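Asker: Would you mind keeping the following structure in view while I ask a few things?
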Amino acid sequence: MKFFLPLTVLLLALASFVRAADDPAEGVKAATKVREIFEAKCLDCHGPELPRPKGKFGYVLDLKRVADNPDYIERGKPDKSDLFKMVEDDEMPGEDANVPPLTRDEKDIVKRWIELGAPDAPQVAGETTSAAPKTAEAKQLMPFWKRLLRYIGRMHPVSTHFPVALMFVAVFAEGIAWWTRRDSWLQTVRFLVVLAALGAISAAALGWINAYFASYVGQAAPILKWHRWLGTGTAIWAVVCAALAMIHECREGTTERQRLRGALLLGAFLVGVSGFLGSALIYGLDHYAWN
Ligand code: HEC
C-alpha cells in the first residue's frame, strides 16, 4: 500500500511521456480515423464519384490533397484551418445532411490530426470492403416501405420527359391546326394535352417524394424551392389546359380556342422553365453555357 501512490505517479508520468512523444504511428492512426469519419459524414456531398460535388470539393478521402489545400488546412494549426472550423461549428456536414454532425470525440480526432501536421495514411487494402457492411447496415435501418418510397422517387427525373415532350408537341400540333384551319387537328391536341396533364401530375408527385429524400444545401436549396413550386404549378396548369380542351368544342376562330391556344403556350413555357431548374439541380445553373 505504501508504494501505491508513487507507483501511480510514476505510471502516469510514463503514460504522459509516451503520449507526448509524437510517434509517427499516432499520425497514421489519426489519419486513418479521420478518413473513416470523412467517409461516414462527408462522402454524400464531397465524394469522388459525384458528378458535381458540393462546393466543387470532391476529394474528401484524398487526405494528402485535402491537407495540401491551404484554403482548408493549415498544417499544425487547427484553429487556422477552415475545414476544422467548419466541422467544429457544425457548419459541415450541415443541417440538411442525412448524417448527424461530428461528435466531440470525432472533432477532437480531426483537431489532433491537423496538430500532428495533417499526415496521410496509406489506404489499407480491404478498407473499402470493411466500410461496405457499415453502409449496408445503415441502409437496413430504413424500413422497407421507406426504401421503396425512396426508390419510387428516383423515377422523378425520367418521368418528367413525358409532360415536357407532350406539352411541346401539343403546341406544335396546335400550330398545325391554326395553319391548316382543319378542326380534325383538335383531336390530336386533345389527346396530347390530356396525356401531358396525366404525366405532369405523376411527375410532380414523384418529385415531392424525391425531394423528401434529397439534401440540397447552399446554392441548390433555393433552386429546389423554385423548381418544386414551379413544377407543381406547371402540373396544375397542364390540368387547366386539358380541361379547356375537353370542356368546350373549341372550334377554330372561337374565343374558347384562342384561350386554349394561349394556355398551351404558357404551359409549354412553364414546363420548359421547370425542366431547366430541375436539371440545374444536377448540372448547375450554367449547364447551357457555351464554355
Ligand atoms: C449535405 C451535403 C454536405 C455534407 C454531408 C458535407 N458538406 Fe461540405 N459542403 C457542402 C456544400 C453545399 C458546400 C458549399 C458551400 C458553399 O459554397 O456555400 C460545402 C463546402 C465545403 C467546404 C468548402 C469547399 C470550398 O472550397 O468552398 C469544405 C472544406 C467542406 N464542405 C468540408 C466538409 C466536410 C469535412 C464534411 C464532412 C464532415 C462535409 N463538408 C460534409 C455540403 C456538404
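Glycine residues also receive a Cβ, built from the backbone N, Cα and C atoms like all the rest.
TrEMBL: automatically predicted annotations, no manual curation.
Okay, so TrEMBL annotates it like this:
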DOMAIN    155-283  domain 'DUF2231'
SIGNAL    1-20  signal peptide
TRANSMEM  160-179  transmembrane segment
TRANSMEM  191-209  transmembrane segment
TRANSMEM  229-250  transmembrane segment
TRANSMEM  262-285  transmembrane segment
Asker: Across the domain 'DUF2231' (155-283), what is the average pLDDT of the model, as a whole number?
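Answerer: When the pLDDT values over the domain 'DUF2231' (155-283) are averaged, the result is 94.
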Asker: Going through 160-179, 229-250, 262-285 one by one, which has the most CB pairs that fall under 8 Å from the transmembrane segment (191-209)?
Answerer: 229-250
Asker: Could you count the residues of the domain 'DUF2231' (155-283) that DSSP puts in helix, in strand and in coil?
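Answerer: Split by secondary structure, the domain 'DUF2231' (155-283) comes out as 110 helix, 0 strand, 19 coil.
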Asker: Which bits of the chain, at least 6 residues beyond where the transmembrane segment (160-179) starts or stops, bring a Cβ under 8 A of a Cβ in it?
Answerer: 185-186, 188-189, 192-193, 195-197, 199-200, 202-203, 207, 234-235, 238, 241, 252, 260-261, 264-265, 267-268, 271-272, 274-275, 278
Asker: Grab the same-chain neighbours of the transmembrane segment (229-250) for me: Cβ-Cβ under 8 Å, and only residues 6 or more beyond its ends, written as numbers and ranges.
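Answerer: For the transmembrane segment (229-250), the far contacts come to 163, 167, 170, 186, 189-190, 193-194, 196-197, 199-201, 203-204, 207-208, 256-257, 259-260, 263-264, 266-267, 270-271, 273-274, 277-278.
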